[in-house]
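One structure is given below, encoded as structure tokens.
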Amino acid sequence: MELQEVLHMNEGEGDTSYAKNASYNLALAKVKPFLEQCIRELLRANLPNINKCIKVADLGCASGPNTLLTVRDIVQSIDKVGQEEKNELERPTIQIFLNDLFQNDFNSVFKLLPSFYRKLEKENGRKIGSCLISAMPGSFYGRLFPEESMHFLHSCYSVHWLSQVPSGLVIELGIGANKGSIYSSKGCRPPVQKAYLDQFTKDFTTFLRIHSKELFSRGRMLLTCICKVDEFDEPNPLDLLDMAINDLIVEGLLEEEKLDSFNIPFFTPSAEEVKCIVEEEGSCEILYLETFKAHYDAAFSIDDDYPVRSHEQIKAEYVASLIRSVYEPILASHFGEAIMPDLFHRLAKHAAKVLHMGKGCYNNLIISLAKKPEKSDV
């Protein structure tokens, strides 16, 4: 099965769907001030036609309510900054393209658009028709838009996904080189780490090269991804998956060879690795780059009347459901659908232990980029 066929969130609106489990998380809340600053710089740059129509794309938009929460933040930031800057008497039209792979459940987003437009008019005063939302399916490691046609490109929790599993794991090191893990975890061998870093470098360089061409000169990108900081990082969602899969092997429910022959196309770069790639590629300048922590259950609330122990268990089940909604399609394609309930039941147990220890944070990186002006524009 082709990777792009399984690299998507759980579809529909069922109990394990991304639409039901995703919510406005801490990462989105943390990103919003950076988003406003990025929009402010964008409006001041006086790009072509920006006072009439701002063209925006959300790359790797996923599906469900979170997609439109991101869109809402973008629209609110444009309107807020525009009002503060007193750019125009009339608001510009905003054209937003939602991008993800062809298998993404775009229909779950389209169903929400009528109510989203009405809410936007009621709360923001934006008349229906002044914000135009459409889909642009396809891999963001390929061309999506005409050259110099976009003002702002946004991506949250997407660029850590690779275009493919690193080929070096199979070609140079052989099947089973990454024993005991599904990704480039802290404990994996240096050659595995290098294979993943090489693939990320190749993919992120391609991403920057292609999409910088699609931006107007001095256009902006704002990218957020999961990252690593040091060897003391707390377990991230993929570490919890590693633990749960290894439990199934110990219990005899899964063959060890199944794990050793599977690697997920996901890489958590360091801030320095991202910085070096941007500087080496050369089409964009870094305006700011920061890291921050987000908690697994930051978006989850529960009645205080529940016992503390119940709090932890319910939160752990929420964490397991959220992780399941993101990773189940690609995991089920290799390990089989039948084992999924057992896998995520064990993941919930590990999540409960992590939460009980007062841990459960993962590191995030946010980077704001500006396309360097052409020599003729300087």
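From the backbone N, Cα and C atoms, a Cβ is placed for every residue, glycine too.
Swiss-Prot names ASP260, PHE262, ASN263 as Mg(2+) ligands; from the candidate set ASN178, ASN236, ASN363, the record adds ASN178 to that same site.
Working note on the binding-site residues ASN66, SER139: by count of other C-beta atoms within 10 Å of each C-beta, ASN66 ranks first. Taking the Cβ of HIS154 (site 'Involved in substrate discrimination') as reference, residues of its chain lying under 8 Å away and at least six apart in sequence are, in sequence order, LEU35, VAL56, ALA57, ASP58, LEU59, THR70, ILE74, MET221, LEU222, LEU223. In this structure, of the recorded positions ASP100, GLU337, the smallest number of CB atoms within 10 A of the CB marks GLU337.
Here TRP161 (theobromine binding site) is positioned 5 angstrom away from PHE266 (site 'Involved in substrate discrimination'), judged by their C-alpha atoms. Other residues of the chain with a Cβ within 8 Å of the Cβ centroid of TYR157, HIS160, TRP161, TYR362, the theobromine site, are SER158, VAL159, CYS225, ILE226, PHE266, THR268.
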